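Quick look at what TrEMBL annotates:
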TRANSMEM  12-28  transmembrane segment
TRANSMEM  35-56  transmembrane segment
TRANSMEM  76-93  transmembrane segment
TRANSMEM  105-128  transmembrane segment
TRANSMEM  140-157  transmembrane segment
Amino acid sequence: MRLPVDFDGNEWFSIISLLIMFSLVLILPRRFPTIVSFVFLVIGSGTALFVDFHLGLPPVDLYDVNDLPLYEWFDLLNFLLYSPFAYVFLYLFDWWKPKGIRITWYVLAWSLAGVAYEWVSVTYFHLYNFSKGWQFGYSFAFYVASQAFTVWFYYMVKHCYNRTKNRAGPEWA
């Protein structure tokens, strides 16, 4: 991995976004058992890494992140940024407890927010380079699919945790 070619807007945008989002995670009241919180943080970055390795590298290679087509250290920060986004997504989902069509609206609203964040990061900070064929419409479709998967994953984790937890372990209602 390399250091950035220029330490400019995209690196600062990554650092500030990461600080804001992880600060939010830390100041939110505890909602999940510690192990569940950790799993929810990992799913965000894991999904981002999986997709990037399949769509952002040859042979598909639809976009670049940051200054170079090769990986930089700051690309790692961008992958870490998906962790607090996933956590906050599931935190609010667990707090609101949407049912039926409201789950769809929740996923669509977060998908639009994801595309809006991505648009700002591309337009003003050049965090991504879409000149290889990627489009914001693809991002929206990806966010819908990935967040629908994340909701399903939330229910599976909750079910497994409640079924297998130690009697002395914390409850997750």
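Cβ atoms are placed via backbone N, Cα and C, with glycine included.
Outside the transmembrane segment (12-28) by six or more residues, the chain places 41, 74, 77-78, 80-81, 84-85, 87-88, 91, 121, 124-125, 127 with a CB less than 8 A from a CB of the stretch.
Ranked by the number of CB pairs under 8 Å to the transmembrane segment (76-93), the listed stretches 35-56, 105-128, 140-157 are led by 35-56. Long-range contacts of the transmembrane segment (105-128) within the same chain, counting only residues at least 6 positions beyond its ends with a Cβ under 8 Å from a Cβ of the stretch, are 9-10, 12-14, 63-66, 78, 85, 89, 93, 96, 98, 134, 136, 139-140, 143-144, 147-148, 151.
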